[in-house]
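Q: If you scroll down you'll find the structure; I have some questions about it.
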C-alpha cells in the first residue's frame, strides 16, 4: 500500500451499514449523529456503483481490501480522499438530503462516490510512478466517475454531460502557451500541487481516455484495462505500461492504427495543448484537412498529433452515430476526404469523441449554418450542435474567425432547446460579456441579443414549473434561469424578488433547485441592507453545510461595497465561515455583480498572505489569481495584478505568471475584437473605451467537482 493511502478516523460519529456486493462484508457510512438521514443515499448507491466497477475491472474489490468505510467530515479542506478502505469526504460533497438538497448536489455527491471508489483500482491497486503522471490516477477516476455512474443512472445522461461539462472545459483551459502537458516533470510541492488541476490531470486525462476507448472500440478498451490492472497490481506505472496492456487487445480492423499505440499517444501525453483541424473544400469536392496547435494567443505550427478523425455528411444515414476512426491524420502530412455526391455539408468529430477543435472554410460554414437554421436542424445531433457552438466561440476568442461570423451562425440556438447546446452557449456568452462589460453600449447590445435568443428555451423550463422527478429538466432549468436572471430578464428578476420576500416575511423557502439563483438575484437588485442581514443570519443558523454554501454564494451578490468588504474580511479572520468555504465567498463576490470586481481585486492584493494561510487549501491562491486574471478588463487592473505577482512568494510565482499571461491576452483580445462586434451590432466605434469592469455570475453544472488530498 502506498503510504499516502493510510488514514485513521477518531470520532464520536454514528454509522449506517451496507453490504458489499456478492460477498458477506459489512461496510459503514459514518457522519455526525444528526446527519443520519442524509447518509441513506450513500448507503443506497455505494453497492450499486461498486458492483459496476467490479464487473468492468474484472478484479473484485475484496480481492485487495476487505472493507470500504466512508466518512463525512464537516471540516475537511479537500473534497474527498481515497484512503484505501477508509474514504474520507467533505460533508457537503458527500451527504444528500432529498428534501433540501438540489439535483446538482445529488449528481455531484454520486459522482464523488464513484470517483473515490474508482481510485481503489486506479491509484490504490495500481499507482502512478510519480506525480509527473497524475493523470494515470485522476484521468481514470474522472473517466469512471462519469461512465460507471452513467451505467447505474442512465437517465442522467452523464455520457452526454461529459462532453459539455468536462471535455469542453478541459479544451478551454488547455489553450495557453504556459499550460503543462499531461506528463511533465515535477519536483517541488508547488509543482506537484499544480498537477492536480481538474481540467488537466482530471478533465483532459479523462477526455483522452474516452478518445482512446472510441478509436479502439469499447470492448477492446475494457479488456485492455483489465489486463493493465492485472499485470500491474500492487505496482507503480508509467504511461508505457498502459499502452502495452491496451496494445494486447488492439483490433486494427476497428482502430486502423497508423503506428503502435505508444507512438500514436506519445504527443497527446508529452505535449501540451491539442489540435485545431482546418477543413477546406476544393473545386472537385475533395475535403482537405490540415492541423496545427490551437492556442488562445500566439501560434504553434510545429506541434502535431496522430488525430483520430470521424465525420458525418448531409447524405449519411445514422448521422453522427459512428465514433470509430474513419481517418487518421498523421503529424507529417495533411489528409483528404472525398465528399459524397450530393453532400452539402461535412462535420468532423462525431459526438466530440476526439480531443480537438474544428474550423471550416467560408463555403462549408455557410452550408452548416444553412442546415442549423433549417426546420430539420436536429438532423445534426445535439452533442455536435454543442460542439459547433463551443468551437465557434473558441475560434472567435482566439481570433481564428471574426466574432460577427460566430454569432451569426450561433443564432440557430434561438430555436434549439437542448440542454447541451445551451450549456456550451452559456459558457461562450459568459466569456464574451465578462470581457466586454455589461454596462457599455456594446455589452447592453450583446445582452439584449442573448435575451432574445434565450426566450424559447426559457419558456421550455419556466421557473414557475418545477419537475423534481426529471433530472435533466431540472439541470436545464437551473442553467437557463440563472442565465436569464443575470441578463436581466424581467420575469426572472420578479421571480427572485417574490421568492425572497416570501422567505423573508413568511419563512417560505424558494424551490430548492432555484435557491442559489433566488438569493443571488434578490441581493443583486436589492437596495435594502436588511436583506443581506437576513440571508447572513439564515446562513449562521443553517445546520446543512451544502445549504450553507448556497447562502454564501448568494451573499456575494450584493452591490454594497461596504458590506462586501466586511464579508470578505470574515474569510481571513475568525468567523462562522469554515476554512474550506472561504474561497466560495471570494468567488461569489467576483461573480455576484458587475461592479464587485475591483473590491475583490483590492482585497486580494491587500490580503494575499492571509488568504494563503486561511483559505484551507494550497490551491486557493493560485485559483483566485486565475479567476481575477480572467476578469481583468483594463490597464489599471492589469497593473494591480502585476504588482501583486511581483510580491508573491516563490511557491506561487508560476501561478502568478500564468495569471499575468492570461490577463494580458484578455486585454489584447478585447482590443482586437471590439471593432468587429461594434460593427455587427451597429454601435459607433468611439464607444471603444467606455466598457467598464463587469462580470457574469457563472453558475454551471459540472459532472463532479472532486478534490483529493493526494489525488486532488
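Just so you know, the numbers here start at 1 and follow the chain as drawn.
Heads up, the Cβ atoms here are built off N, Cα and C, so glycines get one too.
TrEMBL: automatically predicted annotations, no manual curation.
The structure displayed is predicted, hence computed values, not measured ones.
Per TrEMBL, the features are:
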ACT_SITE  116  active site, proton acceptor
BINDING   115, 119, 138  Zn(2+) binding site
DOMAIN    41-268  domain 'Peptidase M1 membrane alanine aminopeptidase'
DOMAIN    345-649  domain 'ERAP1-like C-terminal'
SITE      202  site 'Transition state stabilizer'
Q: Look at the recorded positions 116, 138 and tell me which residue has the greatest number of other C-beta atoms within 10 angstroms of its C-beta.
A: 138
Q: Check residue 119 (Zn(2+) binding site) against DSSP and tell me helix, strand or coil, would you?
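A: For residue 119 (Zn(2+) binding site) - judged by DSSP and reduced to three states - the answer is coil.
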Q: If you count the other Cβ atoms within 10 Å of each Cβ, which of the binding-site residues 115, 119 comes out on top?
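A: Output for this query is 115.
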Q: Around residue 202 (site 'Transition state stabilizer'), how many other C-beta atoms are within 10 angstroms of its C-beta?
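A: The Cβ of residue 202 (site 'Transition state stabilizer') has 30 Cβ neighbours within 10 Å.
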Q: Out of 115, 116, 119, give those recorded positions positioned within 10 angstroms of residue 202 (site 'Transition state stabilizer'), comparing C-alpha atoms, in sequence order.
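A: Qualifying among 115, 116, 119: none.
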Q: Return only the integer: C-alpha distance in Å from residue 116 (active site, proton acceptor) to residue 138 (Zn(2+) binding site).
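A: Between the Cα atoms of residue 116 (active site, proton acceptor) and residue 138 (Zn(2+) binding site), the distance comes to 10 Å.
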